[in-house]
Amino acid sequence: MKDMSMSNPTESAAVTDMKMQARGVDVFYGAGASARSADDMAADKSVTHAIKEVDVDIADKTVTAFIGPSGCGKSTFLRVLNRMNDTIDGCRMTGKVTLEGEDIYDPKVDPVQLRAKVGMVFQKPNPFPKSIFDNVAYGPRIHGLARNKADLSDIVEKSLRRAAIWEEVKDRLDAPGTGLSGGQQQRLCIARAVATSPEVLLMDEPCSALDPIATAQVEELIDELRTRFSVVIVTHSMQQAARVSQKTAFFHLGNLVEFDETDKIFTNPSDPRTESYITGRIG
């Protein structure tokens with residue numbers, strides 16, 4: 001990993017190494033969440049215990065899906081992976097999260113630089129009020145990834161190609177990103193996220209605001225992106241998780257109930273709570 005201070009999608013992925021690892025992660029919200037032990041905060045009734053002792057391995061060049069009912073903690077845990085919870089008042093995380101063996105919560109780690117390595121795509125497309133070109137160029141500019149204008153143009157083109165939108169926008173790069181359709185805006189946001197060459201790409205329900213055609217385009221793109229990046233996707237759609245991921249984690253009431261190969265989760269789950277969720281009996 002650089003210094004942070006500065007196939008068929010349903011097939012099982014061969015796990016050669018782990019890109020990220022989380023161990024004993026708890027997340028607490030509330031005025032009482034402070035620099036106390038996890039046990040102390042768990043006993044405090046003024047504190048919401050949102051994530052409870054979660055261990056997860058994120059494999060290299062693999063799509064990992066987080067599924068579970070609304071409020072189960074899957075999006076909260078996703079934000080742990082690039083310290084987005086740092087921006088929320090009264091939120092406290094305990095445990096350890098590493099990116100290629102380095103503790104991302106080490107005080108020496110710059111969260112802004114971390115987020116260049118662990119990119120994020122949000123539920124609702126959120127292009128900046130800038131041109132298509134400047135949306136994609138934003139990250140490389142602030143992180144100093146381009147030596148000159150030609151370098152920057154090359155990064156923008158490659159990122160738009162990786163997001164499968166280059167052919168649709170190559171003749172209007174100066175047009176506002178906000179003028180694109182919803183599906184195009186989401187692919188623009190994906191291009192913006194991959195422009196800093198992240199090692200992990202987090203996606204928080206990236207298709208929930210899209211129509212079926214745009215959803216299919218993004219799902220196809222996710223399978224292509226995993227040839228270069230580790231992808232972690234939160235989704236309410238079990239069908240989508242089954243289509244795009246190789247590993248699936250099922251969350252319920254802040255607990256990681258089961259984490260396994262996607263095929264096994266959906267055909268032969270080990271925990272009865274997982275079976276109840278995927279068959280529609282809970283959720």
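Just so you know, the numbers here start at 1 and follow the chain as drawn.
Every residue, even glycine, has its Cβ placed from backbone N, Cα and C.
Annotation comment: Swiss-Prot describes Gly68, Pro69, Ser70, Gly71, Cys72, Gly73, Lys74, Ser75 as ATP binding site, evidence class sequence analysis. Cys72 (ATP binding site) is surrounded by 23 other CB atoms, counting those within 10 A of its CB over all protein chains shown.
On the 0 to 100 pLDDT scale, the domain 'ABC transporter' (35-278) averages 94 in the predicted structure. The annotation domain 'ABC transporter' is assigned in Swiss-Prot to 35-278 on the grounds of sequence analysis.
Shown are the binding-site residues Gly68, Pro69, Gly71, Gly73; the one with the most C-beta atoms within 10 angstroms of its own C-beta is Gly68. Cβ neighbour count within 10 Å across all protein chains ranks Ser75 highest among the binding-site residues Ser70, Ser75. Compute the center of the Cβ atoms of Gly68, Pro69, Ser70, Gly71, Cys72, Gly73, Lys74, Ser75, which mark the site for ATP; besides them, the chain residues with Cβ within 8 Å of that center are Thr76, Phe251, His252. Under DSSP, Gly73 (ATP binding site) is assigned to coil, being neither helix nor strand in the three-state scheme.
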